[in-house]
Amino acid sequence: MKKEQVEKRTYLAVDIGASSGRIMKSQRLANGQITIEEIHRFKNGFHQKDGYQRWDMASLVHELLLGLQKVKQLGIKECFIGIDTWGVDYCLLDQSGQLLDEPIAYRDGRTEAAVTNFSKGYSLEKLYQQTGIQVQPFNTIFQLFVEEKERLAAASQLLLIPDYLGYVFTGKAVIEATNASTTQLLNAGTKQWESELLDFLGIDETLFPTLVEPGTILGDLQTAAFPDYDLPNATLITIASHDTASAILGTPGIGDDWAYISSGTWSLLGIETTVTTISAEAFQENYTNEWGAQNTIRFLKNIMGMWLIQEVARHQNYQYSYAELAALAEKEPAFQQFIDVNDPRFLNPGNMITELQAYCRETQQTVPESPGELARCIYDNLALCYSVELEKLAQLTGIERKITTLHVVGGGSNNRLLNQLTADVANVTVNAGPGEAIALGNLLMQMIATGELKDIPAARTCIQTSFPTEIYQANPIDSTIKNRYQAFMKRSSL
């Protein structure tokens, strides 16, 4: 293809999170840089139906079609599309290939006792040794453990959320491997479905379609199936469809002295490596080995993240923006309370404000009352948690290299207070941005698939030259604060 034709290739990243989704358009310029532009944004969320919290897949499909229609109206007649979403949730198809019912959201309470009950018949240590994935009650394996047997019996196929959307648009059913690793059903060594786990669940392997790697050409958008929409000609590419996998691919890390935090509803803190770390210590610390693009491993810890402040803002009826909450927090004294940000009680409480206050009351601490105090409590403790986990990361992997740079990407990278706190508490340089790392990772994987970019290092160089980042140098805090925090965490775990 001629150079001028390559420059005009249009790529679309469909990036859907728990609360919103968007379609981002990108092209690669002659100077090697890439552009990125939001074309369509829409709300997402789960709703109560038939006793469960569910995702509205029909609404998501409709919004994506509206966005693609906007793309066509911009004069773009041909494009490539990649889809990423959150992990672990799944759609069940009936014998005719239609959705059995709306998929149940991972925050639904149905799996509250799943880990305990599962462990009565299957060792959690063995589960970790087989899969390398941290034990979390909402993982696909535990959702399937509590799934209604009648629904499973009626299902012909199981598709993860991005794969279902790809199936709707192309008619091709696959499961993308990086996202499949979050199911906790794949063997870390063989990279195939673990038959012993499937037997324990009473599930046949035929329920799962073919596993494919990121960069696989899925197929063309079946425009004839959507006559009510004026759509462009599009080719779907299966990218690293778990949003964290795309975010890390979209992180501008060079060399081997860096770690990352993909900062959004969850904070995913880890390193990129090529080997799994499956040990008794990693199991105890609940670290995970999720698969990444091009044979990489994301060894990371899931931390509750911006969910805490999102829920505080929601229960204040969004009286304050996130920037305003951070500004209020900055005026408050630091480290007045210690909390375990990963305590399960914060996963989906009725009211995050009262839950945080109850936690502080129960642990005989000063109770945060004002919006600024609540925000300060959250940001201080996220920074403390990040710092402790960075140390554990080095210990668990036995890495000789010193982590000198922490790349913070995603929406949370815009939080200047938290970035500086993290640099200070962890005593590392924080490199914040790009905020659009998920969409960028999605887009760049497409460009690798089409041959516009050679590999992941080339993609990251492209990010560095295209998007500025903000550097936060460390002003180390009094070490006794961190010592007190760690002592508190040790007591609270007893």
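Cβ atoms are placed via backbone N, Cα and C, with glycine included.
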Suppose a student reads Swiss-Prot and sees Gly87, His242, Asp243, Thr244 listed for substrate. Which of Asn31, Asn187, Asn302 should they find annotated at that same site? Asn302
Same-site ATP binder from Gly132, Gly411, Gly433, given that Swiss-Prot records Ala18, Ser19, Ser20, Gly21, Arg22, Thr265, Gln310: Gly411
Please classify the secondary structure at Gly21 (ATP binding site) using three-state DSSP. strand
Taking the recorded substrate site as Gly87, His242, Asp243, Thr244, Asn302, identify the other residues of that chain whose CB atom sits within 8 Å of the mean position of the site's CB atoms, giving them in sequence order. Trp86, Asn179, Thr182, Ala245, Ala247, Ser262, Trp266, Leu268, Glu290
What does the structure give for the C-alpha distance between Ala18 (ATP binding site) and Cys360 (disulfide bond)? Integer Å is fine. 28
From the Cα of Thr244 (substrate binding site) across to the Cα of Gly411 (ATP binding site), what is the distance in angstrom? 12
Which site among Thr244, Thr265, Asn302, Gln310 has the most other CB atoms no more than 10 Å from its CB, taking these as binding-site residues? Thr244
For Asp243 (active site, proton acceptor), which residues of its chain lie six or more apart in sequence with Cβ-Cβ distance below 8 Å? Asp15, Gly17, Asp84, Thr85, Trp86, Gly87, Gly264, Ile438
Tell me, if you would, which residue among Arg22, His242 (binding-site residues) has the fewest other CB atoms within 10 Å in the structure shown? Arg22
